[in-house]
Structure formats: C-alpha cells, structure tokens
C-alpha cells in the first residue's frame, strides 16, 4: 500500500481519557484495513483494532514534551488518543491514515483515468508515419503552458520545434490538435508569430512546412488567424503579428474575426442586463440582444469552426489555427471544428475528451478566465461558456446528433465555475502537476459519467444518419439559426421555459420500453422453459395415453393456449407512466432532475420540480392595477399578462 | 368560351401530361412529384416539410366531369355578377423548355402549362410519358406576386406564393414570358368566389356534403345546456337580417328575448350584439363577444343592450370588458359613430384596454417579416434589428397576453368577460379563440380545435376572403388584407412549444390551415361570413377541408405523438425570452428542415415503441413464440 508511509511505530502511548496515569505503552501498526495498537505488557499484549472505515476524523495536536498527540475519533464514538514520541512519525501516521480512511481513493484514481489523452491520439490513428509524440516539452522546458506530451510532424526535429517556439508568443509552437485519418488532414494550433513588421524565423517556416508535408494529399495549408485583422495588425507594432504569406511557402492565410476576451466579457454583461430587465417588451429584448452582440460573437466562432471543418473534411487541407496566445479563441475554434468533424466528440465520453484535449491540456487559463482565485478582473471572460453555447446551438440544429442533452452542458458549465472538481483548477498542466491536483481532487468526468443516465439525449441513436460523419450546419442564410439560450442564461427563472420537457418524457418512455423489452425477454424465457417441461410432460402423457387409449390430451394444450392472455395482462399491469403534466406524483417518477438535487445541491434551485401548469395555477392571480384590488395577493408572475 | 371549354382546351393540348398527372396524383403534397423517386433521387420530396399545399389530389380529368355543374352554378350566380371566361385570361397555355428553380432544390426543365386554376410543369427527360417526369402542380390562387425580368430573348418570372414559397421560371421567348406572366396575374386575381377552384375540385375519396356539419352549434349548446339553464339558442338571425356577419343561430342569455336582441343589435357595429363565446365548465363563468357599441359623439345609450349585458351578471357581480383597442382609440371611435361602454351606463362592467394591432399595420408587419426572412444578405446584427422592427413577435406577445388576461379573468377571478374591438371580427376573435385553447382542454384535441375554428373564426364571421386575399409578397394595392388568422396560428404554435404534450395536433396542422386559408382546393375558408357562404352555396358545391383532414390516413399525419390529455389550464409564459419566431412557417421554404424532421420522426418512433399498439405487438410476439412450440406438440402427437 503506497499510502502507508509508516507501517509500525514503537513506544506509542495510548492515553486513557479519564486518568492520564493509565496510559498504556505499546506499538502502533498500520495495515491496509486496520489501525492496530498492541500493548507492551507481555502477559496480556492487549490489542486494540480500529477499522479504517470506522474512523471519522484524525486530529494532530500540538507537540508536547512527551511527544506528539494524535486524536482518532471513530464513528462508533470511540475516541483514541495516542502520543507518538517523534513528531515526524506522528505526521506520517497522520497522513497515511487520512488517505487510508478515505474509502474511495481508488474510485478517485479511476475517475482520473476515465479520460486518457494518449488513448485519444491513438484513436485518431497517431502516432503514424506522419505524426509522432515529442518529448521536447517533457519538463515544460520549451513551453510551460503546453502539456508534456505534444504531437508534432515526424519531420519536425527538436531543433525545429525549439526554434519555432522562440518565434511564437509564450513559446506556444504549432502542435497537433486533431488528425483526420481518412485524408491525413490535420488541425494544428499555436500562438501568434513574433513577426513584427519583418521578422522571420527559418525554424518556424520549416515547422509549417513539416505540417504541410504530413498531409501528402495537399500542397498547401491554411493558416487561420481567428482575430479581427485590425487587432492582428496592431500586434505587429508590439513585435507580434501574423504570418507573411511571402515568407512561408504554400500557406493560405485567412483572418476570421472573433473579438478578444474583453469584448466578449462586455458583450455577456450587456446580454445579462437584458435578461434582468423587468417586464421588457419584445422590442426591448430584441434590441438589447442585438446591442449586446452576443449572438454575433457566437456566430463568428461557429463560422470559424465551420471553415476549418470544411477545409479538413472537404478540401483535405491541414489548418494551423492561432489567435494571440492561442489559448482562448484557438481553443474555441479547434474544439468546434473537431466537434463538427468527428462524431466521437458528440458522444458523452468524446465530449469530455475534447474538453480535456483542447482546453485543459493546452493550457486554457481556467483560474484566470473564470475568476477561481482573487485575480485581475480583466482576465475574466466567458470563453468556454461561448464554446458550450456553440454546442447547444448545434444541438438545436441537429437534435439527433449528440449523445448528451442540454443538462449535460449546463452542468459542465456549472462546474467550470464551482471548483468542486479538480479538472478546471489552475492555468496549465504544469500548475496542476505541481499542486498534485489529481491526488487531491476528484474528476468531474467520473461524476458525470456515474450519472450519465441523466444526461442522455433520448433522440440519439448511434446508427442514426446525424451521428455519422461530419456535421454540415447551414451556412447562408443562417443568422436566424442562432437563438438566445434561455435554458442557460435564464435557467433559474423556471417560468420562462417550456412547461413540459420533451427530453425527460422521452427518457421515461425509453426506459419504460426497455423495461417492457426486458420483461418480455424474461417472460419469453419462462415460456420456453414452461414449454420444455410441458413438452416433456406431453411426451410422457402421450405415451401413457397411447397405452391407455384414452383421449383427453386437450387439457394441457388448452392451458398453453390460455397463457398469452395472462402474460399480456401482466404486461398491461406493468406500471405505465404518463408524461408529467402537473401531476406531482407522476412527475416525481419521471423527472430525473430529482437525482440532480442529490448530486449537485447547488443546482437545486434549477432542478425544482416544474410541473408547469399546476404550479402556476396555484398562484394567486390578480394583478397590477388592472384587476379589482379585492385580491390583495398581487403576484408578479401572472401580472405579466397585464403589462402588455 | 365558357369555363368548361377552357378546361377542355387546356386539356387537349397536354393529354400526354395528364397521364403523368394522374399517376402522380398521390403526391399532392410535394412541390415536385417525381414519378419515380429512384430515377430522380435529386428531387427530394422530403427536404421540404411536406405539408399539403393547395395542390389537389385529383387529376384534372375529373374536374372536367364536373364542369357542367360549375357552369350551371356560374350562370346562376347573379349575386356575384360578373361572367368571365378563363380562356380569355390565358394568353399562352403551354411553353416548352421552361426552367423551374426553387431555393434548395435542383432546377428542372420541362413543359409549362397553364390551366384555369393550375400552373403545371412537367419534365420528360426521356420523352413523353417516360418515367422520371417531375411535375410542379401549383394552384394559381396561391400566387401572391408575379415578378418578371426580361433579358434578351428570354425572361424570368418569379412567383411569390401565398404560402411564402418562391419559384422561378426561366422562359425562352420574350412574348411567351410576358404572356405567361400576365396570364398568371390575371388568373390569380380573379376575385369572384364562385370562379375559384373549390367549386371545380372533386376528389374521388370524398363526398360533397361530408364535413360541413361536423360541428353543429346545437350540439355545442347542448353541452352548455346540460350544465346551466341560463343560456338559450336563438334563431333571431335566421335570415341574416339582424346581423349579416353572424351565423343563423347564436347562444344568448335565456332571459333575453329575440326582440331585445334585435334592438341591441342596432346599437352594435355591424349588428354584432353580445353573444356567448365560451362557457367555462370549471366554474361556470362565461366569455361573450360583440362589436363596439354605437355610442357616437352624443353618447347614445341603448336600454336593450344594457339589459342584455346586465342579465349576464348577478347582483353585485362584476364583469370585465376587454377592449382590444387603446382607451384613446376607443374614445376616438365615438367621432365615427362607434365608441365603448361608459361606466355610468354599464355600472357592473369594468373596462380593460389592451390594444392589439390589426389591419394595415399588422399586414405590413407580416410583409416586413417575410421580406427579412427572405433576405439572405443580412448579418446577425441586422437580422435581430429587422426582426425587432417588423414587430411581428410583439404582436404575438400582445395577442397571447390579452388572451391570457381574458382567461385569467374567467379562471382565476371567476368573472364574466366581454371581448370586443371595433368590428368584432378580427382581434376580438383572436382573443376569444386563443383564450379557449388556453382554458379548455377539449379545444386542444384535433377535433375540438377544428370545431373551435369553425365556431370562433368561420361562423363568427372573420372575413377570410378579404383578409387573406393577398399574402406577404403582393405588390397589389392593399385593401383589407391582414394576417389575423396567421397570428392566431402563430400563438397556438407558441402554446404548442411551451406545452409540447398538451395539444393533440402538430405543427403540420397549423401549416396546413395557414396554406388553406390563403389558397385552397376546399371551400372551408371561402367568403367572409355565413351569409355569403349561403349565397354562394359553398356548402353544397365545394368540399370541406375538415372532411379531407378527417380521413383516417390524413388525420394521423396531423397528430402530435407526444399528446396526452391535460385537464388543466395551460398558462403560457409571455416573456420575450419565451416567444420565438415560428421557423417552421417563416423559414419553411428557406432552410432545410431535414434534421428537425428526422428528430420528429425519431420522437414518433420512440413513442410508438411504447404506446398501446406496440404493447399489443409485444403480446403478438409473445403469442407467436407461443404458437410455434405449440405446433411442435402437435407434431409430437
């Protein structure tokens, strides 16, 4: 057991709470399952055994002259007070016990193993003839915001990588994000080049050349700068900028104007102000939504993703994506493109992998962007929120394409900010490793995976046409396709949502159908067994009858013929559920949101039972000013009808 | 040449075509009906929401059989006056090599053909009558605007249809192009009701009288009478003299005699005296509707009208008058002889003003919205501001809010409600009909909803002929067009989105109703009121849309697989976040709905796998597995 730092400590005293003189001297043993104290008194060698799972808390108290006291409180109210002579021993015992008494340590480790990025690159078909894993960044020596394991073109030597990294902002050199094994086209990501007005870097040019060569089917690559051109040009003055097509052989350079984090932060702020308007008119709302620019930004991100997906899937051309530092817009765009290209990312597991790959491993600054710690408010921006909304917008257009539902997205968004799980702590893999995040926290993915039944999209079928191949969102005209996501931004105002949830209903239907199928199978088996025995019985009987020459076999076959009716009666009496429509009992059965309450207490405001109709009609009507004032219980909820 | 000859004439010129037509008769709902989809995979009938437009199911052959009837009718229609010959309007009946294109579908080349009521396009890649013929079968009445553009020796005609689809015809020959365009223009603007297609359309699967008496007011009254004796069925309007826009029978307070009604009618705009619209069985409250009182500048009063409204309320009870105009507009109406109920004369009634747009502003809103939807160049920002500036969603929100207010007064306040605007034929009906969908579960079934339409829109005298003469794209000088019925359908769609299990019918029904209100093979939405329908003998000489919809195989197409009876009132959210643009209607012909249709099919598949039929299926499977071994025992013996 790696957690037992100190299996045996001698000269430990077990104190008696009532009289300090009755302390017993002995040896403390730590085993995989128990803490054992054995008294030194040779005749008795009295043993005290405490099961790890019985321990409720361990307290290390201030060191005294006699040693270091350790207080073990048990769930059965036993209190064991030990004094360990050496402070260091005491500490080791303390740490070991802390680990040992946590029963689901293994579960935690398993949880972190759920998403394995090496496995993911293998799934893409890498390493192969064109791509290899590079250990150039093994100690974060080249780029401290990159992962240790980076996939690069085979022809890119360490020299080229290091050289290229020196020519890129924060040394974020071009590395592989997605590889399409059907046509060898790939999506690579980096930060902006330090080109200024005229600077060049041979290694960087070779790096891009290597990316192009890794896709023998195409004689050029796209370099997509996701910033507005003006922003990119302004960066040149600061010695940064963008690739000059003349310096790089065979690149096609493309700007896709996605605004920076500050614009996005303000845009969200403006949109939220619209959401908070008190009884807004339709015009107030639409104007506000437009002025916030939020949907325009969402569309810009989608357009970039669509452009890249098209280049990869249809043209078979590799793409290098960057913005300024390559950890915000680049992450958004790469992950949207991957989602469009590969149906795997539209499964629950695949989506987890995608976030781990494009966001977590490539150093998206979760701590800064989501204000996990007290920091610069200017660093905060809803970057991943926008990506999550892009996914939702796609789900609206392709209702059968995603294995997960809206609730899955909302819960991920929630936990990006909750700091309840370790996945989204810190700004880079390096920081996470330094803080040993995986040893001290749980993975959100395991938690979501455990409750995956709540997150399934009932319309998803792995053999459905929408779950195959690349998604092709409609391009033009498509402005109207982008809708305000009230399920996210007004999620706590349940009055705004559809009063009946199709997803929940269909999940219940699916579950019931499955139960019926299982029931059918069981019945079928029982039937087969019955018939077997019947057959045997018949054989025996018929032999007897042959012998006795007595007619009358019919009884047994009659009983057989009667059975289906009984079985189908059974089927009918099987509890059948109806969609929840205000019937509290029914809805309690159906709405799986109940489970959410237990798993995510902080979401409970959201997962309140919405039985729609009943709930609303219980409210006192009356209303502002227009209806007779006899009814004093003015209720703003229904007054909405009055304030036209 | 009379009507019949015109039909004969056009038939003679394309006998070969009509064969194809007959064969593809079943594809009435598709824009293009491929004879053999395998040979023409590029003509996907499924990329469109396949909602029956107004294309008839019937080959024209049978129209021809009916021509004598139509001719007789025509001659007998002294009421409508004009005698007109279709053939005079058709300047060029056929043109070869016309290229038809339509957003989202591949272009098709073929022979274009104009008949009295239809525009046909047939492509015969392998020569006549070869499989693979693709046809366009468009009711000319469906054409809203004809735009022509000439370039050299050929011309392009853009047809903007009332159901919002846009078709382009590239026609070789300038003269042909001009002729075709003017023929379509002339035929599509024929205003005489009895010249319209429903009078010629004779589907074989239906009988003429079917569907016309599905929802007799008597039966509706019986239901009310079983719960209260305070109402009676009055035949005061038997000959349409008391109120020309009311049906012959109306439900009125039992305590009020016909004479009083006649007098009250004289005090109401267009004679529309207050009548019962809805009886709320839950608490016995009622909703009445009427038109504005003719108080005029001199604040006239009418004892009978006051009495009529007085008897509805018990002593001490209060009622609400929901006026669908602003207080100011109602006041101004006095100058033109109208007005509103003054508090002094109707002390028990309290007036609530909820201005709802109608007439020109509503029509313009509709036109602007359709224009914005068809504009492919708008950026995201422009799109939202255009959506805002056309104000359609504001109208939806206002209509829903007002209907909810009426429903709230009845269900929560247990108060009697009277709804009226000015004429009482537009926004009034919008509010009363919507309130009933919200309040009454029986209006949310397919049958109940059609009954509601019959009662609260058609018989109630919503002037469909005037309001739906033109749709959103017409360049004609607007007369009295206004999409009030569409607004109602949109509100019902909003309800169906917020309560996906509570309406028995699906979006598809709403789309079909929209299409048929603007151009139809059926007589249901013809004319402006029951009086006109009687004069034109609509019920004798046209088929009812309800009969068509009620055919079992049709009916299932319009059902919502998620429906389950919900006895409660469905209170919708009217917050702007909850009001959405009805994409299924406004983008029906613009964006592909393939993925959404697939989702719908998937929902259907899921639900059907568990519904009773499926359970029976399970039973069958069990019994089958039973019967096989049983057979074995037989063999054993």
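All residue numbers here begin at 1 and follow the chain in the order shown.
Using N, Cα and C of the backbone, Cβ positions are placed for all residues, glycine too.
Bear in mind that TrEMBL entries carry predicted annotations, made automatically and left uncurated.
Annotated substrate binding site per TrEMBL: A:260, A:261, A:323, A:324, A:325, A:326, A:327, A:328, A:329, in sequence order. Residues or ranges marked as coiled coil by TrEMBL: A:506-533. Annotation comment: TrEMBL describes A:551-581 as compositional bias 'Polar residues'. If you look up TrEMBL, you'll see A:292-336 marked as domain 'Tyrosine specific protein phosphatases'. Under the heading region 'Disordered', TrEMBL lists A:533-644.
Overlay of TrEMBL annotations on the structure.
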residue: A:260; record: substrate binding site; Cβ within 10 Å: 15
residue: A:323; record: substrate binding site; Cβ within 10 Å: 28
residue: A:325; record: substrate binding site; Cβ within 10 Å: 19
residue: A:327; record: substrate binding site; Cβ within 10 Å: 26
residue: A:329; record: substrate binding site; Cβ within 10 Å: 27
Other than A:260, A:261, A:323, A:324, A:325, A:326, A:327, A:328, A:329 themselves, what residues in this chain have Cβ atoms within 8 Å of the centroid of the substrate site's Cβ atoms? A:191, A:226, A:227, A:330
Look up residue A:329 (substrate binding site) in the DSSP assignment and report helix, strand or coil. helix
For residue A:260 (substrate binding site), just give me the three-state DSSP call. coil
Averaged over the domain 'Tyrosine specific protein phosphatases' (A:292-336), the pLDDT of the predicted model comes to 95
What are the DSSP helix/strand/coil residue counts across the domain 'Tyrosine specific protein phosphatases' (A:292-336)? 31 helix, 4 strand, 10 coil
Among the substrate-binding set A:260, A:261, A:323, A:324, A:325, A:326, A:327, A:328, A:329, as the record gives it, the longest Cα-Cα distance in Å: 12
